[in-house]
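Annotated signal peptide per TrEMBL: B:1-23, in sequence order. Here TrEMBL flags B:33-52, B:59-77, B:122-142, B:185-208, B:228-247, B:259-279, B:285-308, B:409-429, B:449-471, B:477-496 as transmembrane segment.
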Amino acid sequence: MPTKLLIGLDGEGSGDRALTHAKRLAGLIGECEIVVAYVIEWSPFSFQTAEENAKRHQRREEELNLAHSRVVDPAVKQLVDEGYVASGVVKHGDVAETLNKIAVSCGAEQIVVGRSSEGGFSQRLFGSSTGNLVMHASMPVTVVG
Amino acid sequence: MKQASTLWLGAAMTAFGANSALAQEAVSLDEKVNQTFAAFTGPFVSLIFAPFPGTSFPWIVMWLVVAATFFTLYFGFVQFRFFKHAIQLVKGDYSDPNDAGEVSHFQALATALSGTVGLGNIAGVAVAVGIGGPGATFWMILAGLLGMASKFTECTLGVKYRNEYPDGTVSGGPMYYISKGFDELGLPGGKILAVLFSVFCILGALGGGNMFQANQAHAQISGIVGDYPGWITGIIFAGVVFAVIVGGIKSIANVTEKVVPFMGILYVGAALIILLINYDKIGWAFGQIFGGAFTGLGVAGGMVGALIQGFKRAAFSNEAGVGSAAIAHSAVRTKEPITEGFVSLLEPLIDTVVICTMTALVITISQQMIMDPATGNYVLNEAGTAVATVNDVSGVALTSAAFAAGLSWFPYVLAIAVILFAFSTMISWSYYGLKAWTYLFGEGQTSELVFKVIFCVFIVIGAAASLGPVIDFSDAAIFSMAVVNIFALYFLMKLVKSELHSYASRLQSGEIRKFSD
């Protein structure tokens, strides 16, 4: 059974660095499958207008398609073209919590993510997704700088 | 704050070229609007609030009470049996993680609440307590508890019979469940009732969801910055609402949707602080509420007056049986329509049993309503139509005075809350009205624009007219929706009951279980 690595992408440069590192790890491990994940930040406890609710399903489909076509599918294609075994997944939810859930459900040995490059007040106050993942993950997490 | 508001108003007045002559003309314009409006809406109002022959009891109040009681009994006190389950649903315990990103139960509930929690809880309660005395609160709470069953029935049907379009958007509400449900049961007249409901829903959107809000928002602003013509507030409000619903400036609506819940929490928090400060009077206030419920304590109309006011204002506040919530709740994505019914029954509880009761307690404790110390009964005003109050205030001004008696700075917060609540209710009702409009006239940009422009014009009329005709029309328009909706619910409730039986047995057998750990 191949070792599984879960790579969390964010559509930014840090995600690309995580992907590069994951490829290196996969090469070292040997029989390895890379699962590329992208989580669309979403909370079931946010407030929306009635009109937004009525169009939510449509928006959700658009968000999933966009994340697949712009981030996950190109990354998976690149991995497959380079000879790796890879698959992709896009989910809505809290980034840290959802990445951990995906990793647990697919039986990953490790999560690889990029160090979030964004700063700002909210991150100082509430912490970044990467920071939250490191604190709460059920498995080893590699943060690529 | 007052200075800033005055400056802001001054700028607005300048912008509209206000001078003394114009202001005078404006006052007479307000009067003209008021007279014309009252003349037009009078017969409609009289019909909806006609009393039973030989009594002063409006038939529409009985209509709502009987329905709420009937649904409570028919569904075996569903509001109490499934209360815990409703909380679990809102928490997301039964939500499939694969559906993440769809409208959650919490979001549907919060959206529906932002349409109902508003001036009904602040001004409406003051009207009820002002006319019916503290005893009206008891009937309001009872109406809230019974109304949970009405809300459960309509919101279950709202999800079950909504329209889902190929692009993924949804439209739901009484007009859809009436026509589809009647067809399914092979009953005639579904389409006619759906059309009738839509007409009343448009009137309700223009009345309670619009004019009443604009009117009381103006009352609140002018209470702080001084009296000025209502049409100025109307035009400013109409401009902002127009920017959101026609101009598509979502950021304003988004900010409001995020701020309003916090204002709601702040409002309840302030009420709690006042109650805690006056904890020694809470027992006395509840005594007034229970005593007044059955004796009237000398208020206009006695016990019946308290009961009528309590039920009327509860229905206006939580809209149970009106059908509006079914439009808001129908957007939720669930395989089990009845789950949204369970969630929706929390709405009258939060809106009426919790928030309205808080307002009523603060008003009672503040002793803004004048009481005869000799008899312990309330003193009526000169006209004998309501309880006399300190400074002769009513509606939102009474609530404001009551809160100010406990927290002197609170009227400023309340003014902002009223404006935001009014605005968010307008946005919600513009959507409800639009759904009814598009049901009648079809979806399309021109058709939708016509309704949106009419909606904005009524904001100006609502702000310019005086409270009496506006509140009468708003009540009549909202309650007319309930006439059609409840009539249809009596025929459709067996569909809900079979859903309830099926769901309850699957829940008990463990077929439906929690997704959360």
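Backbone N, Cα and C atoms are what each Cβ position is placed from, and that goes for glycine too.
Because TrEMBL annotations are produced automatically, they should be read as predictions rather than curated entries.
Describe each of these features in terms of where it is and what it packs against.
Within the chain, the transmembrane segment (B:33-52) has long-range Cβ neighbours (under 8 A, six or more residues past its boundaries) at 58-60, 62, 231, 461, 464-466, 468-470, 472-473, 475-477, 479-480, 483.
Residues 48-52, 143, 146-150, 152-153, 307-308, 311-312, 315, 320-321, 479, 482-483, 486, 489-490, 493, 496-497, 500 of the same chain lie 6+ residues outside the transmembrane segment (B:59-77) yet bring a C-beta within less than 8 angstroms of a C-beta in it.
If one looks beyond the transmembrane segment (B:122-142) by at least 6 residues along the same chain, the residues whose Cβ comes under 8 Å of a Cβ in the stretch are 212, 216, 219, 267, 285, 288-301, 303, 305-314, 316-317, 352-353, 356-357, 359-361, 363-364, 369, 378, 385-387, 389, 394-399, 402, 414, 417-418, 421, 471.
For the transmembrane segment (B:185-208), the list of distant contacts is 120, 173-176, 178-179, 316, 322-324, 429-430, 432-437, 439-440, 451, 454-455, 458, 470, 473-478, 480-481, 483-485, 487-488, 491-492, 495: same-chain residues at least six beyond its ends, Cβ to Cβ under 8 Å.
Remote same-chain residues near the transmembrane segment (B:409-429) are listed as 1-2, 5, 111, 114-119, 122-123, 204-205, 208-210, 213-214, 216-217, 220-221, 223-224, 237, 240-241, 244-245, 253, 256-257, 259-260, 263, 266-267, 270, 324, 328, 396, 399-401, 403, 459 (criterion: CB distance under 8 Å, separation of at least six residues from the stretch ends).
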Could you tell me what the rest of the chain brings near the transmembrane segment (B:477-496), counting residues at least six beyond its ends with Cβ under 8 Å?
44, 48, 60, 63-64, 67, 70-71, 74-75, 150, 152-154, 156-157, 160, 174, 177-178, 181-182, 184-185, 187, 190, 193, 196-197, 200-201, 203-204, 206-208, 315-316, 319, 321-324, 338, 341
